[in-house]
Amino acid sequence: MNVKPATAKISSHALKQNLEIIKQKAPNSKIIAVVKANAYGHGVVFVASTLEQNVDCFGVARLEEALALRSNGITKPILLLEGFFNEQDLPILAVNNIETVVHNHEQLDALKRANLPSPIKVWLKIDTGMHRLGVALDEVDYFYQELKKLPQIQPHLGFVSHFSRADELESDYTQLQINRFLSVTKDKQGERTIAASGGILFWPKSHLECIRPGIIMYGISPTDTIGKEFGLTPVMNLTSSLIAVRHHKQGDPVGYGGIWTSPRDTKIGVVAMGYGDGYPRDVPEGTPVYLNGRLVPIVGRVSMDMLTVDLGADSQDLVGDEVILWGKELPIETVAKFTGILSYELITKLTPRVITEYVD
């Protein structure tokens, strides 16, 4: 018997392949590769090391993420997409060549007070319609002029904004955001970025000087389609194994609460994967996994360490057989549709108990 527990297999080849497709979409744009949240659950050091020679900058959400990259030998510029949180962190940014977004008056005032060993690169975040972070359109000129005065920052500002509906192709709101962004930056020097994954795929006029690929870099669609439709390949294959195959009689319940009873005699497979590994607990009955060339449905309640699947009465599956929870054979977008949970959330919720294997 050879049983392998929950394992995320991360492919450097797929990662590089996806980056090439992204470059084909926006050949004249620099790439800010978004690796926040442990590179969307894929391993931030591995992803950054794999891509460093082929991107211009990395985007993260927290200073700790940026410092982890620096301590592991990553030398390309790193951008704090939410900006700095504490004034005392500004010298750390300067020493480590970490760039920052500025999106409010508090950050501007902190920069004015800062005593830095060297100037830092600043990107002015502009609220073009997301209404989450960013300075208002009528404040852009003020912030621009104030920032340009400061010896604490490098002379060429960047400009950044974010779409709220890039995946809604029938909406004119994204075009409105593009127009607003172009309008408030047209007479100002500096690189601009507004296109994240949805903008890269669907709004070519938004590509500008820099793009910020996130979820598509990992082979996952930002819409309700699948990445394969855009030529993307899943970077992660999440697998586990059957740890038991049981004969199951018609009418017998399975698992906690007995919420599923079999309508016929069948075989039940027990998979070493549960919510303790980050797989959702409340998945609907029938959510598929991939096993021996076919999809089989989850039945019963997902528990902390295991889930159960209906193999069928005539199945030949054996203990130790590999089960794919999502990946090339079963797109995570399909699992997302069944569960009602975004692919973004599924991919970032895996726990440290899941073994990570990095492959070519």
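Placed from the backbone N, Cα and C atoms, the Cβ positions cover glycine too.
Per Swiss-Prot, the features are as follows:
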ACT_SITE  Lys36  active site, proton acceptor
MOD_RES   Lys36  N6-(pyridoxal phosphate)lysine
BINDING   Arg132, Met304  substrate binding site
ACT_SITE  Tyr256  active site, proton acceptor
Worksheet entry | Among Lys36, Arg132, the most crowded of the recorded positions [Cβ within 10 Å] | Lys36
Worksheet item: Three states by DSSP: which one describes Lys36 (active site, proton acceptor)?
Response: helix
Fill in: Cα-nearest neighbour of Tyr256 (active site, proton acceptor) within the listed recorded positions, Lys36, Arg132, Met304
Met304
Practice prompt. Round to the nearest Å and give the CA-to-CA distance linking Arg132 (substrate binding site) with Lys36 (active site, proton acceptor).
Written response: 18
Worksheet, complete the sentence: Mapped onto three states, the DSSP assignment of Tyr256 (active site, proton acceptor) reads helix
Discussion item. Between the Cα atoms of Lys36 (active site, proton acceptor) and Met304 (substrate binding site), what distance do you get, rounded to the nearest Å?
Written reply: 27
Worksheet item: Tell me which residues of the chain lie with their Cβ under 8 angstroms from that of Met304 (substrate binding site), as long as they are six or more apart in sequence?
Response: Gly274, Tyr275, Gly276
